[in-house]
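Structure record follows, encoded as structure tokens.
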């Protein structure tokens, strides 16, 4: 996903998370509709979203005194984690006025900078199943689709849509000191084991808290919040990546000190690097961007398929496939063009092994269980996260520029996008690009091949209908791997299956090599 300390970039002046519930502002979750799909069609769900607790105003339970101001805890109210949790409450949110988060039908727009009584930078929201629980997605042998508009996200910014293995109730039942729960956006965790989370497992992260030297609103404590993470989408208008990050544990694991990776990046229970597929990094520099094959100057549809070894929801995760739809045309994912690697177009164990070898990267992905452990989390159920953020650690260069900056960009895996190595500095993007934003819309989840069509409206939407689709051309003579897609309405990829497998029709939209 992103560098170990990058989550420090999320900031709101004088507001943070807590575990009691305040009464100064009523919490009203903005509505966001989405759909579940089968071969019979799609059904609309009346969902809602909730703001993460880390952004909320934290104050005394009986008044208005801040428990945390700038990047410092109040030593009297918060001498230790348990006392702080008892003394402090988080309040409801003004989603549009304070945080720049608005919904309209099936669309969620997140502004990067919002100036009101305070100046808010970025945001992180979750999809709700009810007023008190997050929607839990079990992704094995399923397909997840959404539309996105990144045209207003320049270098240095990241509109991220991903899944984290959080508790459905935000830890409300597991941790008695957490009185707020999912209704107030508690319980966040990810594969970076972030230590900037103010409350973890029902207690304030005040022990060893150190204010950030570069972010006036953030810091790190002794504890971190680790869990499995599936990055479906990390992107701006220049570069994009999708990345599984497995862990050796299930659900939230609170780490401490060195076990959070403070001394060694790979000392945690999770894989911080993941196995990423960034088209530019994988050798196709003309695939993604404004005016390119996937044209980021306008909205498009992102489709992600989580295939299993036996084509069932109980099988082992074997492959993560990606395709796009724009202007009524299915666009197959780019193919790897790296010396020593086959022309992969999806994430599989073979792809990950070959990538780590070709790039000379540490294979923490394999060490932490690879697709097998990622698949376990996908089967358990994960929470949908939607966010926009900037990077106080390395200026988002790992996504859209040359990284490491002192490495030769001609070497495999170093160039990740066309942004300058001087770009992405938070002090620059927070002023120059304050009006940046991202819009996520038309979320669909269901059986493989049922969440998208190719008769779009010219903007990348999936609208259904029976018009004859236009499609991108398949690679000449290409052969599809076992369990890969080999046919279906609007499909234009390889139709010949690898030896030992046969192209099998599953429904009108999807045939698979089995």
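From the backbone N, Cα and C atoms, a Cβ is placed for every residue, glycine too.
Annotated features, as they stand in TrEMBL:
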COMPBIAS  418-433  compositional bias 'Polar residues'
COMPBIAS  457-467  compositional bias 'Gly residues'
COMPBIAS  468-479  compositional bias 'Low complexity'
DOMAIN    478-514  domain 'CBM1'
REGION    406-433  region 'Disordered'
REGION    456-481  region 'Disordered'
SIGNAL    1-18  signal peptide
Residues sitting near the domain 'CBM1' (478-514): Cβ under 8 Å, six or more positions beyond its termini, same chain?
39, 305, 307-309, 311, 318-319, 321, 325, 330, 332, 346, 348, 447-450, 452-454, 469, 471-472
Structural state census, the compositional bias 'Polar residues' (418-433) (DSSP three-state)
7 helix, 0 strand, 9 coil
The domain 'CBM1' (478-514) [mean pLDDT, rounded to integer]
77
